[in-house]
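Per TrEMBL, the features are:
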- HIS88, ASP90, GLU109, HIS126: Fe cation binding site (BINDING)
Amino acid sequence: MLALSLLDRAGAAGAKITPQRKVICRALECSGDHPDVDQLLARARESDPGLSLASVYRTLRALEDLDLVWKHDFGDGRARYEVRHDDHHDHLIDTISGQIVEFHDPELEALKKRIAARLGYRLEGHSLALFGRPADGESQTP
Ligand SMILES: [Zn+2]
């Protein structure tokens, strides 16, 4: 559980909180996966059927500008979103089922920093997506 809700953090960061944004924030926060804009709209419309795609886009852009959400590109041409939290993780995308597996590897995190340092940079952010199919030839079910 997050200490502060996405909405609280958006408000604290100075974002304008409208009733539409409340609904969209809650829908994203309740999403345990990585919804794209259409999926998020469908979920948010369960609370507010009048919600427009444009307000979802605008809200996500505002949240992104405030560094409160992550925008992912998992290679299928659809941007996916997730609430930003302190625990960093990377993603493995099952190319057969489309399932997204989250993982964290301390060695990998250290390696990313070493690579950046070797290239003369201090790491500010990173995003890594692995793509694979189940090694046993069958898709894993969650
Ligand atoms: Zn994730």
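Note that Cβ sites are derived from N, Cα and C of the backbone, with glycine treated the same way.
Automatic, uncurated: that is what TrEMBL annotation is.
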For HIS126 (Fe cation binding site), the number of other Cβ atoms found within 10 Å of its own Cβ:
13
Inside 10 Å of the Cβ of ASP90 (Fe cation binding site), count up the other Cβ atoms and send me the figure.
17
Shell list (Fe cation; ref centroid = CB of HIS88, ASP90, GLU109, HIS126; cutoff 8 A):
HIS89, HIS104, LEU108, LYS112, SER127, LEU128
